[in-house]
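Okay, structure first, notes after.
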Amino acid sequence: MGREFLDIFENWAQSYDSSVYGHDEQYRDVFDGYETILNTVVEKSGNVVLEFGVGTGNLTKKLIEANKTVYGIEPSAPMRELAKEKLGHVTIEDGDFLQFPLPNEPFDTIVSTYAFHHLTDQEKEEAIGKYSTLLRKGGKIVFADTAFINREAYEAMIAEAKQKGFVDLAEDLQREYYTTIPALEHMFTTHGFTVTFTPMNRFVWLMEAVKQ
């Protein structure tokens, strides 16, 4: 359920914002257009939003500024503390993509950025199936995350990272569960969603799935 990576991200908590805003050369392409990616997720979201992987609260802040009601889920205690320091009074609960407390009101959108790859493909499909039962017709899943058009593209990106000496990025790509667009499309359509995929940079795709 992605919690096996908690130690890594708790160590990254203090420097995460520095990385996403381009100060870590290895991850510069991963976070290229970061503000645009977050803003696009906000634009495509409804009024009551369940957010997975709040992290330091960058997306959450934008959702709140857009007058959305946000219920955040974040498994890392240090990340939750950083987000609360940044945002003030906001609901951020301990949980993950598969095990989480439900909000006390219906929500129309589930969002996440840079986090769904913490799940294996089997767990991703389990999560999407669960969200299908929770969303009403017309409800949305709006995710932005690293994925690849096929396995060859994935392998090529690992080779490129190694060639550039980007050891951390290469290890990241091999350690976590980065999947392909065809695999994600199958998961969403199997569970009653229509889905579109839009490339946002060399790594990240925007996924907008609508419950039918």
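Positions of Cβ are set from backbone N, Cα and C atoms, glycine also.
Lifted from Swiss-Prot, the feature list:
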type: BINDING; residues: Gly53, Glu74, Asp96; note: S-adenosyl-L-methionine binding site
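Around the Cβ of Gly53 (S-adenosyl-L-methionine binding site), a 10 Å sphere holds 24 further Cβ atoms from the protein chains shown. For the binding-site residues shown (Glu74, Asp96), fewest C-beta neighbours within 10 angstroms: Asp96. Residues Gly53, Glu74, Asp96 are listed as the S-adenosyl-L-methionine binders, and the farthest two of them sit 7 Å apart at their Cα atoms.
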